[in-house]
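Engineer: Encoded as structure tokens, here's the structure I'll be asking about.
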């Protein structure tokens, strides 16, 4: 698939083993192994280099066609601290990782589609895809409906985003990313405070200006100082309001679910107490009868 689609990047969001269960195969070589040969498909994968961060690792690999001798360089982005059915520790760390993928140029239109996977391919992969898609639309200046976009994506991949926490995290990250695209200079400081895994991705550009080169066919300039260009004037007020309303709606829904769960638990406890009381009541005549018989025998 990677070869056929001319993929430049593979984004892996799970670990090989999670909760003592193997989640996926070790399909790339380590710096100790150096090379893996897949004779049945006629491909080889060579280890070129790796860049290890506190919460992700980037591998540079060489994919070779053993039949033709052709080789291609593949970037393997591995997020190593995202728990299954859970969310990253903060939007900051996730966005750092996402922008690292974009910065590599692997998502440029001249390359094939990136391969994004986790263990099941719906929870963590769905979160990554939703956030990335929304930020691309926001950068273009479009108003977005996050819920509708997710529903449309689910037509192609059923069950994308598995838990309320993952959906809520997606909203939070989209808002943070939108502010970053808008050029909010306070976001960089907040990211450093929010992200305990790593302070900020390493960029080759000057500290006053951060460039992500043509991600998904778009070129974005992000300055820590105020952006004055019309192109970077940011989100429309309608888009911001829609994002905030969507986030508040998700929060209200979660609170309703928590209240329902709490009420259900209390009802269950009441039923158990009533059941115990009923059992005691029914056993009382038998107890009196047995006690009366013992007294009679005693006399």
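Glycine is treated like the rest: Cβ placed from N, Cα and C.
All annotation found in TrEMBL is predicted automatically rather than curated by experts.
Got these off TrEMBL a minute ago, pasting:
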- 262-272: compositional bias 'Polar residues' (COMPBIAS)
- 280-299: compositional bias 'Basic residues' (COMPBIAS)
- 1-177: domain 'Tyrosine-protein phosphatase' (DOMAIN)
- 92-168: domain 'Tyrosine specific protein phosphatases' (DOMAIN)
- 255-299: region 'Disordered' (REGION)
Engineer: Take the domain 'Tyrosine specific protein phosphatases' (92-168) and count its residues per DSSP category (helix H/G/I, strand E/B, coil), listing them in that order.
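Structural biologist: Tallied per class, the domain 'Tyrosine specific protein phosphatases' (92-168) gives 42 helix, 4 strand, 31 coil.
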Engineer: Looking at the domain 'Tyrosine specific protein phosphatases' (92-168) alone, can you tell me the average pLDDT?
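Structural biologist: PLDDT averaged over the stretch: 92.
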